[in-house]
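Quick look at what TrEMBL lists:
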type: BINDING; residues: HIS11; note: heme b binding site
type: BINDING; residues: THR12, ASP56, ASP64; note: Ca(2+) binding site
type: DISULFID; residues: CYS18-CYS45; note: disulfide bond
type: DOMAIN; residues: 1-136; note: domain 'Plant heme peroxidase family profile'
Amino acid sequence: MVDLVALSGAHTIGLAKCNFVTARLYNNSASSFAPPFATVLKQGCPPISDNKVSLDFTMPLTLDNVYYQNVLASKGLLVSDQSLLNSTASKDLVENFAMDNSLFLQQFTKSMIKLGNITPAIGSTGEVRTNCRKKN
């Protein structure tokens, strides 16, 4: 759980296509955005658009804990971002990272190293999927 939440912090940098946010933005779902944030998003993401928006509107080029502050304020751009608040364990981590940038950066580093040390399955122990959502 710690690695998943820490590595989600990479969403503090980069862009997302509007088609990943328009469903939440225009259907008033339970996982909707904070109202002022939704207004800003609608300016950059009309209902049908190939536009891209920043994953972090505050400091889009800085790896920091603002991502977690945004998630707590219902400003997580992707569904997976806001989903971090759905369990007590992940929400606690989000809150801790939001309060302590050093803690986030230390854990992000550990989790990234751990991810980089994963060796891919080879031979009959695994497969490269042609569609990541289902086995070949």
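In case you wondered, yes, glycine gets a Cβ from its N, Cα and C as well.
Note that TrEMBL annotation is computational and uncurated.
The DSSP breakdown of the domain 'Plant heme peroxidase family profile' (1-136), given as helix, strand and coil counts, is 74 helix, 6 strand, 56 coil. For the binding-site residues listed here (ASP56, ASP64), the lowest count of other CB atoms within 10 A around the CB belongs to ASP64.
Sparsest Cβ environment among the disulfide-bonded residues CYS18, CYS45 (other Cβ atoms counted within 10 Å): CYS18. CYS45 (disulfide bond) and ASP56 (Ca(2+) binding site) have their C-alpha atoms 15 Å apart, to the nearest angstrom.
Of the recorded residues, CYS18 (disulfide bond) and ASP56 (Ca(2+) binding site) place their C-alpha atoms 14 Å from one another.
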